[in-house]
Structure formats: structure tokens, C-alpha cells
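Chemist: Structure below; questions to follow.
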Amino acid sequence: MASAETPNPDAEIPNTDAAAAADPAAAAPAAAATDPAAAGSPSPPLPPRKRRLSPTPSPTRRSSRSRSRSPRRGRSRSRSRSRSRGRSASPRYPDGKRRRHNDLNVEVCRDFLRDRCARADIECKYAHPHPTVAVDRDSKVTACADSLRNNCFRGRTCRYYHPPPHIQESLLRSIGVEDPKVKMQVCRDFTRGRCSRSANECRFLHHSPLEDCAIVCQDFLRGRCDRKSCRYSHVMAHPMPPPMRDIPMQYPDMVYMPPPAPLGVPMMMPPPSAPAAFSGNNYGVEVCRDYLKNMCNRESCRFAHPDLNNEVMNTQVEVCRDFKRGECNRPACRFYHPPASSNSIG
């Protein structure tokens, strides 16, 4: 009777891994014999856990991330653009300060409002506005920016305040502009109609109140006025001085213009069709300022008394050369015809 064989623990177990490494073809039947499930089936795929831990991301994920981030960047750019457009830089004064809207406001004299002020407008430190000037609830008036540049052609119809020189100086100082002419003392003889010197000859300032200012004809400025007896002024003073061009713009609804013209007539730029200034020749005669205000009582005035047909430029008129020779036949000559008793032209 055969006895059952007992396994020997010391027996050597064949190493299938080493055999597979040495001979893969021979190891395949052995693997199939030991593991029936592995026979005839391919090797299982890598687990998904290892795919997630892949060091290099797939290009599809890169594109998806860039696509998802692109709209956010576009929105942020549009917001920044809209904010930059809305926050526009406000105008600044020459000294770098921001502009203030009350720099042209002047307090009205309370005694003047009650008809009790005994001081003249050139002596009182408060405003004496014209009846056409609008006074706000705080008893303040807004100075005419055009009058600060001698370029207000509205005259007595202007609804803004035309300040005298001493108030002009404080207004110009508040906006950072210095005008040496404003600091000149006002000629008292001129205010009484007694000064025989012209504005260029007198060492004092010839200041004319708003009541004496004439309204410049707008058609004349455009070269279109054909009226023989125009009720508006056809007078143009010299252009504005260069320092006054640096005054910053403050009120967009007002044409920003330095102190009232000494003529009593606002300073205007010449129209495109106007001839060049003739101050350098011998035929230029300065216009009488008192005559423009209907205050000249001199019998033989050495200044010109032009009519409505004469062209006035740089406070002067040009004498008609044909008239001096006795040959002018124009019915409405634009040049000045001096009277026989006049000694203004030699």
C-alpha cells in the first residue's frame, strides 16, 4: 500500500518571476496554469487615480481654463475704461490748485441796496451792480469774465457784474493772474469829464462805468452792417493784452474775457475784413473819449469826433487823404473827415 507523500518544506520552490524574466514565452503557460483568470485576457488599464496624478496637464484643460478666464479679463478691462473716461481731470489754475466756482462772486454793498451808500463804485470795497445785473439770495453778484479781458460787447445789457479796478485786482489775484494796469490809481478828472489827456498820456487809469459803455454792433463786427444811423457802436478798441490770455476758463456759458476798456467801449478783436492798424502813419487820429460819452464840451478839440460811417481801430481813426486834397466824393466815406478848425492833423 502506497503511503501519501508529505510535502517537504525544505524543497526548492521554482521562481516563476525569474523564469518569466529569463524566458517570457515559457513563463506565459506557467502563469496561465497558476492563474486561470489571467489566461487569454489582456492586462488591466492603469487605474484612474494614477491618471489624475499625471504631472503634465492635458491640452484640453489648458484651453478650458484660458477660455473661462478670458471673459473675466474682458469685463475688468471694460470697467477700467469706463472709470477712466468718467474721471476726467478738472482744469487747474496756473499755481496747480483746483478751480473754485465762487472765485468770480462779489458781495453787494448793503447800503447800496438801500440807496444809502455815499461812496462811489470806485471807492467802495463792495459791489455797486447795474440794475440789469442779477443778484443772488446771498446778496452776491457774479463778475463778468468778459469784462476781465476787456471783451464784453453787451454793455448795459450785460447781466453780469463789471467790477471797478480795485475789485478787479482782487478777482484776478484769486485766479492767479496779475495785471499791472489794474493796480493803477483811477483818474478822478476823467470820472468828472475834465481830463484833457488821453489814456496813453495820462499816468492814471481812465475807468468808465458800465452806464457809459456802448453796445457794440454785432453786424459791424461781421462786416455786414449797412444801417446809416445805427444805434449801436461801431468802435473797436485795441486787442486784449497778452497777460490776460492766461486766465483759465471758469464758466463755460460765459465767453471768458481783463478790466473795462478805458474808452468806455469794450475791447474787441478786429473782424476778418478789417484793415491793418494804422497807428504808425501820420494820418491816424485818436478818438475823443469824452465825445464817445457825449461829454465833450471843448470848442476846438484836438481829438477826433468820428461819425457812424468812420472805422475806429486801436482807438484811432484814419484821416481821408482824398479829403485832405479836396478830392473825396464818397457820400459815406469810411475815413475821417476832420473839421477845418481841427488841429489834430498838420
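Glycine residues also receive a Cβ, built from the backbone N, Cα and C atoms like all the rest.
Okay, these came from Swiss-Prot:
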| type | residues | note |
| --- | --- | --- |
| REGION | 1-99 | region 'Disordered' |
| COMPBIAS | 17-41 | compositional bias 'Low complexity' |
| COMPBIAS | 62-86 | compositional bias 'Basic residues' |
| ZN_FING | 103-131 | zinc finger |
| ZN_FING | 138-165 | zinc finger |
| ZN_FING | 181-209 | zinc finger |
| ZN_FING | 211-237 | zinc finger |
| ZN_FING | 282-308 | zinc finger |
| ZN_FING | 314-340 | zinc finger |
Chemist: Give me the stretch from 138-165, 282-308, 314-340 with the greatest number of Cβ pairs under 8 Å to the zinc finger (103-131).
Modeler: 138-165
Chemist: Pop the mean pLDDT for the zinc finger (282-308) in here, whole number is fine.
Modeler: 77
Chemist: How many helix, strand and coil residues does the zinc finger (282-308) contain under DSSP?
Modeler: 4 helix, 5 strand, 18 coil
